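Asker: Here's a structure for you.
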Amino acid sequence: IVCHTTATSPISAVTCPPGENLCYRKMCDAICSSRGKVVELGCAATCPSKKPYEEVTCCSNDKCNPHPKQRPG
């Protein structure tokens, strides 16, 4: 599976390692950073757990986790 990741700068699409078959998007509201919302994108074997102030979305299609300000594709 190919997922968008914030582990690189700029954000790019990477092929996930074996065993990591999910893409995720984790967004944290302003409580996490003085700069506003924090967005984390990447690959995962299981959907990351969510804290009360976070929104976590997981999916299993290529590039299904775009940055909220990025157009899909």
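The backbone N, Cα and C atoms fix where each Cβ goes, glycine too.
Look at Swiss-Prot and you will find C3-C23, C16-C43, C28-C32, C47-C58, C59-C64 tagged as disulfide bond.
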Asker: Indicate whether C64 (disulfide bond) is helix, strand or coil by DSSP.
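Answerer: Where C64 (disulfide bond) sits, the three-state DSSP reduction gives coil.
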Asker: Could you measure between C23 (disulfide bond) and C59 (disulfide bond) for me? Cα positions, answer in whole angstrom.
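Answerer: That separation, Cα to Cα, works out to 5 Å.
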Asker: Counting Cβ neighbours within 10 Å across all chains shown, tell me which of the disulfide-bonded residues C16, C23, C28, C47, C59 comes out on top.
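Answerer: Answer returned by the neighbour count: C23.
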Asker: I'd like to know which of the disulfide-bonded residues C28, C32, C64 sit within 10 A of C43 (disulfide bond) at the Cα level.
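Answerer: So the list reads none.
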Asker: Across all the protein chains here, work out how many other Cβ atoms are within 10 Å of the Cβ of C58 (disulfide bond).
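Answerer: Its Cβ shell of radius 10 Å holds 15 other Cβ atoms.
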